[in-house]
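As structure tokens, the structure follows; a few thoughts come after it.
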Amino acid sequence: MKKNKNGAKTLPREGSSFGGDPPDLIMDGSVPVPVKRLKMPHDTHQQSPSLSSSPEGPKCYLSKVKSIKNQPEKEFSSPAARCNIGSEHTRVNKRRTPTDLGTKEDVLNTDADTSFGFSFDISNSSDLENLPMNVASQREKSFPPTQFGKQSNPAFFKRPKSNISYSNLVASQKLDCSVSLPKFEPFDICLPGDRRPFMEGTHKSILRPGMVLLKYFITHDEQVEIVRTCRKLGLGPGGFYQPRYKDGAKLRLQMMCLGLDWDPQTRKYANKRTIDGSEPPCIPHEFSLLVENAIEEAHSLIKKETVSNAEDILPSMSPDTCIVNFYTTSGRLGLHQDRDESKGSLRKGLPIVSFSVGDAAEFLYGEQRDVEKAEKVVLESGDVLIFGGKSRHIFHGVSSIIPHSAPKALIEDTRLRPGRLNLTFRHY
């Protein structure tokens, strides 16, 4: 056993199987290692024990590393080629794999995240959106495949697509350039949910010339149908609303017009109401039939009581307009005259036919606009009051609503709110 210049133990050269002039051997522990059969370490920052014992010293090692770096770039085409450099049977593997890191500079750069000039957390997709397209694509190719022979696509490079676009959002919003009119909450005359013994049978009476009261003329089933129809119409276009006078005072009722609209402020009839431009619903045919039957019944009574012609005392009428009012238990209407119809209708004395449904009301009427001198009659559910001819211009109004006076069966069948539903038919 000999020692070289550096003090490392060497074996004798005799009997060497390397062929030619074999190199010196150094002892790495108890194993002899030939100096010339060096292998390139995977980590250039970690020094091999054999290199530290090389007779040529660290300078020889640095020169070999430098020569490796100066080799043509094709020898760095893959990590497999790097591992074969330095052996006696060097074979450059030119086959590219999915894990190829690209250029020589990419291989020598040990910080993968800083090789693109920035760093980000892959758990935050907002960083990826700021990547340039060429950088993002190069970054995506550097990921190893999840299965052999297949290129993996990292999930965080898939940007979610939104189903809502700006163009669709704008298209969905229709611009209305028309003049905006106030909107009114529809008033439901019935209570949510379901159904006193009910009195039927007409009790006729003539209150004054041209004024007839038909007690309980409207049957229970007809009243139920009236409530349901008015509710349906009242919740639709042109339905119930609370009107006002010219001075801004509100009427103590909810109003809806059928056929033609009547405006309390202008006291005129029109095809559309001014508050929202809606057209009033048509008068249901069943309502018109009830009006005609009530007038015929009044004529029968007049014929029995007088010798005069019934048509002269109470002219016949086919309604073309109806004002529907719903009074709550606190509702009322002052003494007034209905004289806004046409001159021809007023001159002929075409009657007004009033239906009462729900709670009873104290009805006032008289020749003068004086509550003290006015006469009073109670109008109950199912009553029909007709006044025309000489009684066409009488003052009339509602002084009060009698609470809890509506027939129990009607409330159970219709769920009508506490109050009075009043329909006044007329011919314009």
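Yeah, the Cβs are placed from backbone N, Cα and C, and that goes for glycine too.
On a predicted model such as this, the values are computed, not experimentally measured, just so you know.
Under the heading region 'Disordered', TrEMBL lists 1-106.
According to TrEMBL, the feature compositional bias 'Polar residues' maps to 46-55.
Helix, strand and coil counts from DSSP across the domain 'Fe2OG dioxygenase' (318-428) read 16 helix, 48 strand, 47 coil. The annotation domain 'Fe2OG dioxygenase' is assigned in TrEMBL to 318-428.
Non-local contacts of His396 (Fe cation binding site) by the CB criterion (under 8 A, 6+ apart in sequence, same chain) comprise Leu335, His336, Gln337, Phe363, Leu364, Tyr365, Gly366, Phe387. Feature annotation from TrEMBL assigns Fe cation binding site to His336, Asp338, His396.
Summarising model confidence by region, the domain 'Fe2OG dioxygenase' (318-428) averages a pLDDT of 96. Cβ atoms within 8 Å of the centroid of the Cβ atoms of His336, Asp338, His396 (the Fe cation site) belong to the same-chain residues Leu335, Gln337, Ile394, Phe395, Gly397, site residues excluded. The number of other Cβ atoms within 10 Å of the Cβ belonging to Asp338 (Fe cation binding site), over all protein chains shown, comes to 17.
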